[in-house]
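See below for the structure under consideration.
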Amino acid sequence: MSTSPTVPVTRGSLADVVALLSGLRLTVLTGAGVSTDSGIPDYRGPDSPPRTPMTFQQFVGDEAFRRHYWARNHVGWRHVHRTVPNAGHRALAAMEQRGVVLGLITQNVDLLHEAAGSRHVIDLHGRYDRVVCLRCHRVVPRTALAERLEALNPGFVERMGQIADVEIAPDADAVVEQTADFRVQACWQPDPDDPSRGCGGILKPDIVYFGENVPRERVERAYAMVDAADALLVAGSSLTVHSGRRFVRHAARSGRPVVVVNRGATRGDVYATLTLDAGTSETLTQLADLLPPLPH
Ligand SMILES: [Zn+2]
C-alpha cells in the first residue's frame, strides 16, 4: 500500500488498457460523457458551452429562483425520462454479468445504467426520478410531482413545447423564459390514506447540487466498492468535482491501477496508471469484447 500515486501519467492505447485490466475485477466510475450518446449533453465536455451550475444555496434561498427552476425542470425532466441507454451503458452491464465489473459509481442522475441492466449501481449524485422534502425528508416519485405541477399549471408544458430550442441539461433543466406565473408545489399529502402527511416544506429534486454534500452513507458505500475491486476504471468524466475525484485518488493511493477513458484531459489524470483519450461508447464496447470473463 503506497500513500501517494507513484506511476506517472501514461497515455495508452486500447491494447495497453486491455493488457493492464485483463483478469482484474473493476469498479467503474462514470460521468456525463457516458450519457452524451443518449442525447444528454455534457456541460463539462471539451465542446460544451460555458454554463454556471445552480447552487444549493440559490435553490433554498430564493423563491423566485426556485419557481424558475421548477418551471424549467417541469419541462426538461421529461426529456431525461425518455432517453434510452447507449452502447456504453450496455457494455458495462454486460461486463457486470461476466464478472468483470463489480459495480458502478455514477455521477449521472439519469438512471441509464439501471435501464441498461447494471445491478450494482451507486447513484452518487442522486437520481432525477425522485424528489425530496427538505423539511420532513419524505421522498416522492417525480412522476407524482409531475401530475401535481400539471394540475397547478395546465398547458404549461405544451406552451413551452412551442419554444424552438428547448435546451436539455444533465439535471433535467430546459431553458425557458416565461416562468413568472409558474406555480410551485410544496410538500403535500399524496394519498388521503397515507398517515405521513405532507408538511408544506420545500421540495427539491433528489439530486446533489453544487454546495451540497453527498450523503456520508453513500460515500462510504462507494469507497467500499472501490476497495472491493482490483482496479478502477473511470469512463466519461473530467473529474472536475471532488465528490467523484476522491475515489480516484483513493484507488491510486491504495495501489490499485486506475484507467481513465475520457475525451480530453481530466483532473484525475495525475492518479491514472493509463489514460485513453477516446469516446466511451466505442471504448467500453471494445473492452466488453476483449476483457476475459471472470468467475463470479
Ligand atoms: Zn415535507
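Backbone N, Cα and C define each Cβ position, glycine as well.
Remember, TrEMBL labels are computer predictions, not curated facts.
Packing around His125 (active site, proton acceptor) is summarised by its Cβ count: 23 other Cβ atoms lie within 10 angstroms of its Cβ, all protein chains included. TrEMBL lists His125 with the feature active site, proton acceptor.
Positions annotated as NAD(+) binding site by TrEMBL: 31-51, 107-110, 236-238, 262-264, Thr280. In the three-state DSSP reading, Asn262 (NAD(+) binding site) counts as strand. Within the same chain, the residues at least 6 positions away from Asn262 (NAD(+) binding site) whose Cβ sits under 8 Å from its Cβ are Gly31, Gly33, Val234, Ala235, Gly236, Ser237, Ser238, Thr275, Leu276, Asp277, Ala278, Thr280, listed in sequence order.
The number of other CB atoms found within 10 A of the CB of Cys136 (Zn(2+) binding site), across every protein chain shown, is 13. The Zn(2+) binding site annotation in TrEMBL covers Cys133, Cys136, Cys187, Cys199.
According to TrEMBL, the feature domain 'Deacetylase sirtuin-type' maps to 4-296.
Put simply, Asp110 is the one of the binding-site residues Asp110, Cys136, Cys187 whose Cα lies nearest to the Cα of His125 (active site, proton acceptor). The residues near the Zn(2+) site, meaning same-chain residues not in Cys133, Cys136, Cys187, Cys199 whose C-beta sits within 8 angstroms of the mean position of the site's C-beta atoms, are Leu134, Arg135, His137, Arg138, Ala186, Gly198, Gly200, Gly201, Leu203, in sequence order. Within 10 Å of the C-beta atom of Cys199 (Zn(2+) binding site) sit 16 other C-beta atoms, taking all shown protein chains into account. On the 0 to 100 pLDDT scale, the model's mean across the domain 'Deacetylase sirtuin-type' (4-296) is 88. For ligand 1, no neighbouring recorded positions occur among Gly31, Ser35, Gly39, Asp110, His125, Asn262, by Cβ distance under 6 Å. Cys187 (Zn(2+) binding site) carries neither a helix nor a strand DSSP state and counts as coil.
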